Every structure is written in C-alpha cells, then in structure tokens.
Amino acid sequence: MTEMPGRRLLLVHAHPDDESINNGATMAKYAAEGAQVTLVTCTLGEEGEVIPDELAHLAPDREDLLGPHRIGELAAAMKELGVTDHRFLGGPGRFRDSGMMGAPQNEREGAFWSTDLDEAAAHLVAVIRETRPQVLIAYDPDGGYGHPDHIQAHRVAMRAADLAAETAFRRDLGEPHTIAKVYWNRVPRTVVEERFRWLAGVLDATPFDVAAVVDDVPGVVDDERITAAVDGRPYVERKAAAMRAHATQVDVPEAGAVFALSNGLAQPLFDIEYYELVRGEPGSPYEKDLFEGLEGVTER
Ligand SMILES: [Zn+2]
C-alpha cells in the first residue's frame, strides 16, 4: 500500500458546481496544506439550466449534452482549487440528474433519485475504503434545500459511511474503514442575514438587478447548530475562480464577493464556510479545523 497523506477529507455532492459553491474555500485550503481531498459527485447535472445563450443548445430539451460539458467544467474548477482526486459516483453518467422535486425526470430510468440506496452507496463504500478519510462532508437530510439529488446524496453519504465500517459488508470493496467525523454543510442565519444587508448596499455596483433572499441559501440554520467554521479568506479568489469555471450554472463577476445562479438573483459569496458536526467528537466547542481533536493525524 502506498503511503497516504496524514489528513484525508471526502466530500459528497449532487452536481458539478455544488462543491465549489459550498466548500470551494475549504477544499482549496486543505489541498494547499497537503491534505488528501477527494470529491465524489453523484450526477453530471444534466438537468441544470444553462446561463450563457451561446451554450443553450446543450440543454436537456435540445441536444442533451450538458452532462459531458459539465464534466469539463468540474475538471477546470478542480484545477482552480488544486484538487486532483475527483470522481463521479459509479463513473461518469452512471446516475442521472433527477431535476427539481416533482419533475417527471425524478422517475426516469437511471435517475439518481429513484436509484436503490444500497446499490448507490456501495459505489461510495469502495471510494471510502480506498481513500480512508477521517472527515466526511455531506448535506443535511433535506439536502440543504430539498432538491431530490441533494437529498439522495445525503442518504448515500450517510449510508455508505455506515456500510464502509461494517466488517461483514462486501469485503470485495476493500478493508473496512470508520470515518471519524461527519459534517453537514450549514450556514448560520445571522451571518446570512448580515451578508444580505451588506449586499443590498452594494447591489448597484454589481451586474445584478435583484438580490436573492435568505431562504434561497441552502443549509441555513440557527447559529447554535454551527460547530465549525473554516476561514477560507486566503482562498476566496480560488473559490470564485472555481465557481466561474461552472459557467453554464454560475455567474461570478470579476469584482465583488457576489454571484448568481440561473435565476439571476445576486447572492453573497461566502469566504468562511460553516459546518455542523453530526458524528464524532469535536476537538473544541467551535472548531476552526475539521481535523481538530483527531488522534495521530499529522499535518502532512
Ligand atoms: Zn446541486
């Protein structure tokens, strides 16, 4: 077995772009510090809405080529973040974007939402047993905002974390591994409210006419739920560049800490990323490092 970096982080996301928007600064920071950062993306995001007019032909109701295009966007984003290990669950195109909740695509053959949970989780078990992360970042049970692929990504991540540790489960997928700490992506309500107040004041200086609202931000919870904050300020330019690489999905102007999705509503771009520890022991009451408190975990 080749020697692994001391700190190993795994992130599970639903679509290309979710990782950069939610965790771009965290990923860039740990990658720069020499940690092993592994991203597993569950679908190609085939059902996304396309922002640039010149790429509108890729849309699912036209050429249906958004998936392959977004593989390239994700690769470009990972280059910006310095992350070399990014994979699609079960391989590219194994599970398809399910569209918004209630859409007919939810039930389509191969849609991630209608996939058997344990079958999907087994693909992730193989990754966990290979990369042996101490820390997993996933969505909350609502997937942050109720998108079926995000809910399913949560279920698959949590189920795979259980199964990977089970000695009797699928020994052909590698040696059992227990993930020490599991975090959910979160944003503290007062921080979001403050950032939207700031945004209202600078909106005229952005290319956007209207701002989103607090409820448009996934994973917002009362501040007391937050157990960790990763200060990504030194990496915010990389995060912005990674988000910009997802050009079909995200509009990130060169200046200012704002962005918009396909609805064109301005949102604050967070340079500090927040988490709730849901499994494992916290290293301190309010962690600044997701590896805090882990025995025998070295910097490199
Ligand atoms: Zn998504």
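Using the three backbone atoms N, Cα and C, a Cβ is placed for every residue, glycine included.
A TrEMBL annotation is a machine prediction, not a hand-curated record.
These figures come from a predicted structure and were not determined experimentally.
Sequence annotations record features per position, and here TrEMBL assigns Zn(2+) binding site to His15, Asp18, His150. Within 10 Å of the Cβ of Asp18 (Zn(2+) binding site) there are 27 other Cβ atoms, across all protein chains. In the three-state DSSP classification, Asp18 (Zn(2+) binding site) falls within a helix.
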His15 (Zn(2+) binding site): tally of other CB atoms within 10 A of its CB: 25
His150 (Zn(2+) binding site): tally of other CB atoms within 10 A of its CB: 27
